[in-house]
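Annotated in TrEMBL:
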- B:7-33: transmembrane segment (TRANSMEM)
- B:103-318: domain 'ABC transmembrane type-1' (DOMAIN)
- B:107-127: transmembrane segment (TRANSMEM)
- B:139-163: transmembrane segment (TRANSMEM)
- B:192-210: transmembrane segment (TRANSMEM)
- B:249-275: transmembrane segment (TRANSMEM)
- B:295-314: transmembrane segment (TRANSMEM)
């Protein structure tokens with residue numbers, strides 16, 4: 001497998017906040033990488049930064065962003081526009097508002113085809129119907145002339161996906177694509193994304209806060225906390241044996257972890273504190289909410305250490321405990 | 001065209017409202033005009049300088065002015081059902097002929113002013129929104145405020161001073177070069193030269209309104225999710241503005257522009273007087289001075305019809321711009 005996207009030390013800052021700090025990750029061709037985190041962890045900003053769609057007030061810096069062999073940081077805005085929507089596409093959280101209300105959906109898909117593939121108006125309209133069929137919009141030829149307000153939320157998200165995949169991108173960034181949809185539609189949309197990923201051999205960057213989605217659809221997962229990567233692993237590793245105190249807390253808070261337990265049976269478990277509690281302070285951002293804090297946690301950000309094959313955890317404290325625990329068992 | 005049946009429904013709905021509105025306006029106008037002291041016979045008698053009671057009475061009975069008010073109204077409505085607007089005592093000719101003489105001039109003036117106002121206003125608004133908070137935005141905001149607050153007759157006079165008196169580029173009044181026998185394109189160009197200043201002075205007030213309206217609605221629209229979607233497609237900023245933002249931002253402008261058509265007619269009275277433009281506005285003004293109510297009623301009926309037609313047009317344009325509108 002070759003690396004499609006290689007991001008090193010991505011930081012995003014606003015005049016009075018740094019919501020993403022020194023984030024590094026790679027995506028291989030055809031891979032699904034999930035980024036999970038709670039609201040405010042910087043996951044959506046990371047996605048927007050990849051497409052250079054950050055709000056004007058945001059500043060982005062990175063040591064390196066390489067995509068399909070090209071240095072994205074060196075591209076001018078004009079050059080980047082050619083990439084955006086063609087090789088690098090994105091779908092958003094809110095299908096209800098992400099489509100232009102005054103244009104028929106077919107025209108909105110065809111716009112991408114005309115822009116990036118240089119198709120004529122007629123050819124683009126024909127191809128748009130095929131793309132709508134690809135995302136399983138029923139009766140696509142008739143539906144192409146429908147307006148967004150005539151479609152359901154799930155169908156609108158399919159149209160968004162059609163717009164994104166129309167030019168066969170090699171990477172699709174999906175920013176919480178199912179958050180605004182109800183549960184049965186969620187599974188359909190994610191199935192569709194998974195199938196398109198296989199059929200079009202594209203990589204998928206899936207931004208979500210839903211651990212269930214991660215378990216079923218991701219190849220690899222990164223947990224973000226306050227703009228920093230705290231753990232990277234395969235989904236079964238992260239969900240089965242979380243190594244970072246934050247991911248451990250997340251899993252403990254999931255009602256599904258306790259057999260036969262229903263959320264009406266008693267109080268829900270939560271991680272005390274909130275995500276902004278360490279803003280502007282040195283050290284590990286999770287330290288104020290962590291049960292294992294040591295003095296060193298307050299002074300410098302713990303480095304990401306490889307634990308097992310393909311696994312990175314930013315917590316030396318749990319690492320040390322595991323080692324001593326492992327020794328104890330071994331003796 | 002999947003839009004066609006929907007647009008047809010909008011059209012039928014709007015026309016159904018139009019008929020009772022026109023009848024109501026005619027009756028209301030008729031009674032309002034009776035409130036003014038004096039009538040056409042008084043004015044004619046006064047101007048002749050030596051009229052006796054008998055001549056005035058004769059004039060009144062000749063024009064039906066001595067009948068009870070209700071009978072006059074019924075007679076007028078009866079005329080209307082025969083598509084006649086009555087007879088002008090002052091000009092001594094049918095009102096409809098009089099109006100048809102003046103109507104084209106005013107329509108052209110209003111149209112030119114509206115086109116100026118929309119084109120300049122939208123341009124102004126887009127530029128201001130694009131540089132929101134920056135110096136072009138502030139500068140243009142001040143300009144818009146000036147246009148908004150200066151009365152149109154003064155703007156008209158100042159434009160005459162600048163372009164006619166000082167620079168000598170454009171004529172100061174009238175509709176075409178008197179005594180010229182130009183034809184074809186040369187004739188059109190000659191008339192266009194006479195149109196620029198009146199059109200401009202009538203439109204500047206509306207340029208300011210549309211500019212500020214477009215600025216506000218562009219700022220609102222560009223914050224929408226679908227603008228981000230358009231950017232994610234790889235469209236250029238110009239394509240995003242024109243194809244995705246502007247069309248949505250124009251919806252409130254069309255509403256306001258429809259309302260303004262009536263106002264433009266009122267403004268035309270002033271501008272036509274300043275530029276001695278042979279239009280309906282000046283005719284209405286002269287009719288008021290002469291108490292020539294049948295002419296005035298005709299003008300008012302026509303302007304009401306114009307406003308209604310404009311509203312129907314606006315409904316159609318909005319339905320075309322915004323597919324979510326079913327029956328306005």
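Cβ atoms here come from the backbone N, Cα and C positions, even for glycine.
Automated prediction, rather than curation, is the source of TrEMBL annotations.
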Counting Cβ pairs closer than 8 Å to the transmembrane segment (B:107-127), the top stretch among B:7-33, B:192-210, B:249-275 is B:192-210
Give residue numbers and ranges for long-range contacts of the transmembrane segment (B:139-163): same chain, 6 or more residues beyond its ends, CB-CB under 8 A. 124, 127-128, 169-170, 172-173, 197-198, 200-202, 204-205, 207-209, 211-212, 267, 270-271, 273-275
Which of B:7-33, B:192-210, B:249-275 shares the most C-beta pairs under 8 angstroms with the transmembrane segment (B:295-314)? B:7-33
Excluding the flanking five residues on each side, which residues at least 6 beyond the ends of the transmembrane segment (B:192-210) place their CB within less than 8 Å of a CB in that stretch? 108-110, 112-114, 116-118, 120-122, 124-125, 144-148, 150, 152-153, 155-156, 159-160, 163-164, 170-172, 174-177, 253, 256-257, 260, 264, 267-268, 271-272, 274-275, 277
